[in-house]
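What follows is a short report on a single structure.
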């Protein structure tokens with residue numbers, strides 16, 4: 001039911017922002033930022049479960065530690081990039097939001113290149 005709590009918090013913030021947008025537009029942005037930070041903090045608490053689960057997977061499977069570390073980095077970069085981009089969009093800075101999204105995607109590609117190279121080496125080893 002955590003999802004319902006987060007959705008209700010988001011809708012409450014959205015409705016408060018809409019009510020205040022006509023009279024005090026700056027408060028509307030502050031509410032959006034505050035709700036976003038609250039959701040981010042709540043999600044950060046839940047990430048500890050994700051990290052412990054990934055470490056358990058590492059215990060069961062003979063995977064190189066760097067692959068799981070890469071997975072966690074990609075998850076973190078994705079969340080932070082999307083969160084930052086949405087805040088910029090809410091503030092009316094769509095161009096900056098777009099640049100954040102592009103950089104995030106490129107950075108994820110950079111992070112995932114070692115995994116892709118290892119996969120290609122494994123496929124090459126199977127074929128030869």
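The backbone N, Cα and C atoms fix where each Cβ goes, and this holds for glycine too.
What TrEMBL lists as transmembrane segment is 6-23 (among others).
With a cut-off of 8 Å between Cβ atoms, the residues of this chain six or more beyond the transmembrane segment (30-47) that come close are 2, 6, 9-10, 12-14, 16-17, 20, 79, 83, 86-87, 90. If you look up TrEMBL, you'll see 30-47 (among others) marked as transmembrane segment.
Here the transmembrane segment (67-85) has Cβ contacts under 8 Å with residues 36, 40, 43, 50-51, 54-55, 57-58, 97-98, 100-101, 103-104, 107-108, 111-112, 114-115, 118 of the same chain, all six or more residues outside its ends. Summarising the annotation, TrEMBL assigns transmembrane segment to 67-85 (among others).
The transmembrane segment feature in TrEMBL is assigned to 106-127 (among others).
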